[in-house]
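**Q** Pasting the feature list from TrEMBL:
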type	residues	note
TRANSMEM	25-47	transmembrane segment
DOMAIN	41-287	domain 'G-protein coupled receptors family 1 profile'
TRANSMEM	59-78	transmembrane segment
TRANSMEM	98-120	transmembrane segment
TRANSMEM	140-158	transmembrane segment
TRANSMEM	204-225	transmembrane segment
TRANSMEM	237-258	transmembrane segment
TRANSMEM	270-289	transmembrane segment
Amino acid sequence: MAQDNFSRVTEFILLGLSDTRELQLLFFTLFLLAYAMVLLGNLLVIVTVRTDPKLSSPMYFLLCNLSFIDICYTSVTAPRVLVALLLGHKAIAFEGCIAQLFFLHFVGSSGMFLLTVMAFDRYTAICRPLHYTAIMARRVCWALVAACWAGGFIHSIVQTVLTLQLPFCGPNTIHSYFCDVPPVIRLACADTALTEWLMASNSGLISLGCFLVLVASYALILARVRARLSQGHWKALSTCTSHVMVVTLFFVPCIFTYLRPAGALPSDKYVCVIYTIFSPVLNPLIYTLRSNEVKESMWRLWKR
């Protein structure tokens, strides 16, 4: 019987951000500009790092991977949102919805783990500079990046399996502009209390745990910098402050969205815009353009 119920839903309807045509065109313009900035900014970072031998340190290797993740992460949702806003196509096949959910969590959680690794890299460079080369050797960096992707894959598989085992027999209207775990499992024709808590403990605790590790690492850096008043360390403090700001913008909405059962509070689709669109726009600005080395490399690349 569960299998029969499950087969009744063949597509979902994404209601999007607004039903007003004027607002839809406004959101389309904003999303298009944001998506273009994500693509151009992160592609520029990747090309610059890959073509300049001077940017071969572990920090830039990790930044290059973060840029690739940002492109993939935004591309999971943005193209379909743009089509829906422009043409009004709100239907998405059940299989497409599950695929979007899977890749969103796969790439998103991999990005969370990578941000944590980058914070460890920054801590090592500032607080243990004499051991930095040995600790962050190239093979270690590759292993850490591979672990980030593996952790993201395992997390996403768990989320997807928990969603697929639920029966969906209607309704099929999702109050969001993309498929995600909380709004999808609200539509299940079964008691989802246990599944909601399992998903909250999975996604929510990952978001909270990575955020706390990031905050702790930057707090240790701050404590070390306060004891040294050199110009280089104050520059590191300024850099870490900007990193904390963009990390907070990404993780706090994720914690708000996932660290609670899906039915506890109504979903806020506007909060999702912060971590799916706005934060990836800021990453190339905060992590790279504040670096004189990157700006000089971009200028040399432009002249060539």
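Each residue, glycine too, has its Cβ placed from N, Cα and C.
Looking at the shown structure, can you explain where the listed features end up?
**A** Beyond the transmembrane segment (98-120), the same-chain residues lying 6 or more positions past its ends with a Cβ under 8 Å from any Cβ of the stretch are 59, 62-63, 65-66, 69-70, 72-73, 76-77, 80, 92, 144-145, 147-149, 151-153, 155-157, 159-160, 163-164, 178-181, 184, 203, 206-207, 210, 213-214, 217-218, 243, 247, 250-251, 254, 275.
Listed by sequence, the residues of this chain that lie at least six past the ends of the transmembrane segment (237-258) yet keep a Cβ under 8 A from its Cβ atoms are 108, 112, 115, 119, 122, 180-182, 199-200, 203-204, 207-208, 210-211, 214-215, 218, 221-222, 225, 267-268, 271-272, 274-275, 278-279, 282-283, 286-287, 290.
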**Q** Sequence-remote contacts (6 or more beyond its ends) of the transmembrane segment (59-78), Cβ cut-off under 8 Å?
**A** 31, 34-35, 38-39, 41-43, 45-46, 49-50, 100, 103-104, 107-108, 110-111, 114-115, 117-118, 121-122, 125, 138, 141, 145, 177-178, 276-277, 280, 283-284, 287-288, 294
